[in-house]
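Novice: Feature list, courtesy of TrEMBL:
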COMPBIAS  1-23  compositional bias 'Polar residues'
REGION    1-57  region 'Disordered'
TRANSMEM  148-167  transmembrane segment
TRANSMEM  179-201  transmembrane segment
TRANSMEM  213-233  transmembrane segment
TRANSMEM  239-259  transmembrane segment
TRANSMEM  280-299  transmembrane segment
Amino acid sequence: MDYTATQSGFRQQPNMRLRNTSVDGPEGSQLFEDTSGPAAGSQTGYSNQPAGPQAAGFPAQSILSDPMSNLAMAYGSSLASQGREMVDKNLDRFIPISKLKYYFAVDTLYVGKKLGLLVFPYMHENWEVCYQQDTPVAPRFDVNAPDLYIPAMGFITYVLVAGLALGTQNKFSPELLGVQASSALVWLIMEVLAVLLSLYLVTVNTDLTTIDLLAFSGYKYVGMIIGVVAGLLFGRLAYYLSLLWCCVAIFVFMIRTLRLKLLSEAAAEGRLVRGTRNQLRMYLTMSIAAAQPIFMYWLTYHLIR
């Protein structure tokens, strides 16, 4: 190769050789310049920097470890728990949620037996409610215990069957169906209030509660459904026959059930208590039982034409 002399008298290699020797390292020489070096260096620089909130100077752990933050969180949790307890207490005062769970503790076997008892109560002998440590057992363990599942489902089914009956008469409308449902509900509430007022006037010492009366008053929807369905399928005569059967059945059911509740003193002693108060209790029991067929006919006769 051709070498040129410098002013100092030393010889200098070509520029290519100088470039190659300047990048030579302990791993050997490279034929081309490594252009990825600066990019890699920049990535290394970024990787050493903290990411997220810590990079901005707000460590995540500092918020949780701050005593004031912990105190605020504890205070907020305490307020939330106190508010929940207050809501549950006030709600349970007007709507006893814990008691309602008892009336819906049913199963398929209980529902089947109860429906059979409502339709054919003549062969049933033991009408007393079973107790366990002064507490009535759940309805699924005792067919004599009142429940709200059958009355609630009966009311809904009655409204649906009433809509079907109105449709067969070309009278169906959402407004008319709403009137049918609201009227049935209003009559049920008025019946329960009338019974409560009668119990207060007669001064009957009984363990019957408002929910018990609501359950017993709601059992009549089973017979109403049977009567309307029979009338839709087989005509008006079938409606009257089936409704008459169900009215007699609900009358017997109410008499045998309520006499143990309203005449609890006499039933507990196993003897007949005579007197004016006992006569009033008997009349009240008969009146409650006799009112069921009247409501059953009043709420269904216009559905069959």
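All residue numbers here begin at 1 and follow the chain in the order shown.
Backbone N, Cα and C define each Cβ position, glycine as well.
Where the annotation comes from TrEMBL, it is an automatic prediction and has not been curated.
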Novice: With an 8 Å cut-off on Cβ pairs and a sequence gap of 6 or more, do the transmembrane segment (179-201) and the transmembrane segment (239-259) reach 3 or more such pairs?
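Specialist: No, the transmembrane segment (179-201) does not contact the transmembrane segment (239-259).
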Novice: Which listed stretch (148-167, 239-259, 280-299) has the most C-beta pairs under 8 A with the transmembrane segment (213-233)?
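Specialist: If we count Cβ pairs closer than 8 Å to the transmembrane segment (213-233), 148-167 scores highest.
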Novice: Sequence-remote contacts (6 or more beyond its ends) of the transmembrane segment (148-167), Cβ cut-off under 8 Å?
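Specialist: Cβ under 8 Å, 6 or more out: 100, 103-104, 106, 111, 114-115, 118, 139, 173, 176-177, 180-181, 184-185, 188, 211, 214-215, 217-219, 221-222, 224-225, 228-229, 231-232, 299, 303-304.
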